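Asker: Pulled these from Swiss-Prot:
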- HIS83, HIS182: heme b b562 binding site (BINDING)
- HIS97, HIS196: heme b b566 binding site (BINDING)
- HIS201: ubiquinone binding site (BINDING)
- 33-53: transmembrane segment (TRANSMEM)
- 77-98: transmembrane segment (TRANSMEM)
- 113-133: transmembrane segment (TRANSMEM)
- 178-198: transmembrane segment (TRANSMEM)
- 226-246: transmembrane segment (TRANSMEM)
- 288-308: transmembrane segment (TRANSMEM)
- 320-340: transmembrane segment (TRANSMEM)
- 347-367: transmembrane segment (TRANSMEM)
Amino acid sequence: MANLRKSHPLLKIANDALVDLPAPSNISVWWNFGSLLGLCLVTQIATGLFLAMHYTSDIATAFTSVAHICRDVNYGWLIRSIHANGASFFFICIYLHIGRGLYYGSYLYKETWTIGVVLLLLVMMTAFVGYVLPWGQMSFWGATVITNLLSAVPYVGGTLVQWIWGGFSVDNATLTRFFAFHFLFPFIIAAATVIHLLFLHETGSNNPTGLNSDSDKVPFHPYFTYKDLLGFAVLLTALASLALFSPNLLGDPDNFTPANPLVTPPHIKPEWYFLFAYAILRSIPNKLGGVLALLFSILVLMLVPFLHTSKQRSLMFRPVTQFLFWSLVADVMILTWIGGMPVEHPFVIIGQVASLIYFSLFLVLIPTAGLMENKILGWK
């Protein structure tokens, strides 16, 4: 009789994805981040579920309900700390995962890459609506500023904003629907993740060389299950350390003040993981232009597979493009720094230059470098 994991209709799916999956023998630690993102998602759904049991999505009680969770609920402080800092780790893993994909040419699996960008947008939307829920000053004003961007849409902008607000300002209706969205989206993300994996397993994983690895595959279990477990241990240790020793390190002090529509905080800024996009938004003095730049700063990833000009897949053997890739990493870090700075000289011009370099690298410099490397190597 055949092994149950190979014959049972449900176990067979899990077996083909996690046990007998043929994986390249040379994939490095950069391939760990997919499973780490899965771990982050499970952690966020689990902690979020327990928070939702005690949270109330009403402007009169939202802030105090979060305080109640931290003070009166058994280990509520820990659950909230893990959930809030888990979001930061989620984005660290996402950005490293995307960076890996860009460096090693994994984006040439177009379907997997496209659904990955959709996943990024979903996670960003989830994090945004989640940040509004504690109903602190930065929650309220962040929601006001970001939802107001939709008013830049020609003709229907104003109506669209009021439709999302559920009134004429960010109010109770807004908070209630944001809570509903924040509860729903993680399950949509989980479903999209399954599709992401489905497309990945159609082609198999890429590897650091970017070459075909069909001749040298190893089973996923035990080799990569144990390798992933090491990653899990590192991530959970880091998350627990941050949540226990310095839970408010990445938060904004303004969010310890209950939301007040009559008092605007001196500097409205999002969480650190959105600062690069926020800097790009602010670098354009026109409202509609800024909104389009903000959207395109993420959607430019969709174009990457179509702008691949090199005959080689990975950057492993392409020093010129490697330099441009690390320039992009440095540029995103500069944008992140600028996004948290006030709108004044010299930060404005630095942000504008960094935004220009960001788009130039994706759309012009990296594709041109690919063509140049082909020519140097004499590849037609």
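Note: Cβ is positioned from N, Cα and C throughout, glycine not excepted.
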Asker: Could you check if the transmembrane segment (178-198) is in contact with the transmembrane segment (33-53), meaning 3+ Cβ pairs under 8 Å among residue pairs at least 6 apart in sequence?
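Answerer: Contact between the transmembrane segment (178-198) and the transmembrane segment (33-53): present.
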Asker: Going through 33-53, 113-133, 288-308 one by one, which has the most CB pairs that fall under 8 Å from the transmembrane segment (77-98)?
Answerer: 33-53
Asker: Which of the listed binding-site residues (HIS83, HIS201) has the least company, meaning the fewest other Cβ atoms within 10 Å of its Cβ?
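Answerer: Candidates: the binding-site residues HIS83, HIS201. Fewest Cβ atoms within 10 Å: HIS201.
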Asker: I want to check the contact list for HIS182 (heme b b562 binding site): same chain, sequence separation of six or more, C-beta distance under 8 angstroms. What comes out?
Answerer: GLY48, THR126, VAL129, GLY130, LEU133
Asker: Verify whether three or more Cβ pairs under 8 angstroms connect the transmembrane segment (33-53) with the transmembrane segment (288-308), leaving out any pair fewer than 6 apart in sequence.
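Answerer: These two stretches do not touch.
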Asker: Take the Cβ of HIS97 (heme b b566 binding site) and count every other Cβ within 10 Å, whichever protein chain it belongs to.
Answerer: 21
Asker: Return only the integer: C-alpha distance in Å from HIS97 (heme b b566 binding site) to HIS201 (ubiquinone binding site).
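Answerer: One finds 17 Å between the Cα atoms of these residues.
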Asker: Applying a 10 Å Cβ distance cut-off over all chains shown, what neighbour count does HIS196 (heme b b566 binding site) have?
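Answerer: Its Cβ has 21 other Cβ atoms within 10 Å.
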Asker: Counting only pairs 6 or more apart in sequence, are there at least 3 Cβ pairs under 8 Å between the transmembrane segment (320-340) and the transmembrane segment (347-367)?
Answerer: yes
Asker: Please report, as numbers and ranges, the same-chain residues at least 6 past the borders of the transmembrane segment (113-133) whose CB is under 8 Å from any CB of it.
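Answerer: The answer is 55, 57, 62, 66, 87, 90-91, 94, 98, 101, 106-107, 139-140, 142-143, 146, 174-175, 178-179, 181-182, 185-186, 188-189, 192-193, 195-196, 199, 270-271, 273-274, 298-299, 301-302, 304-305.
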Asker: Determine, from DSSP, whether HIS182 (heme b b562 binding site) sits in helix, strand or coil.
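Answerer: It is helical.
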Asker: How far is it from HIS83 (heme b b562 binding site) to HIS196 (heme b b566 binding site), counting Cα to Cα, in Å?
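Answerer: So the alpha carbons of HIS83 (heme b b562 binding site) and HIS196 (heme b b566 binding site) sit roughly 24 Å from each other.
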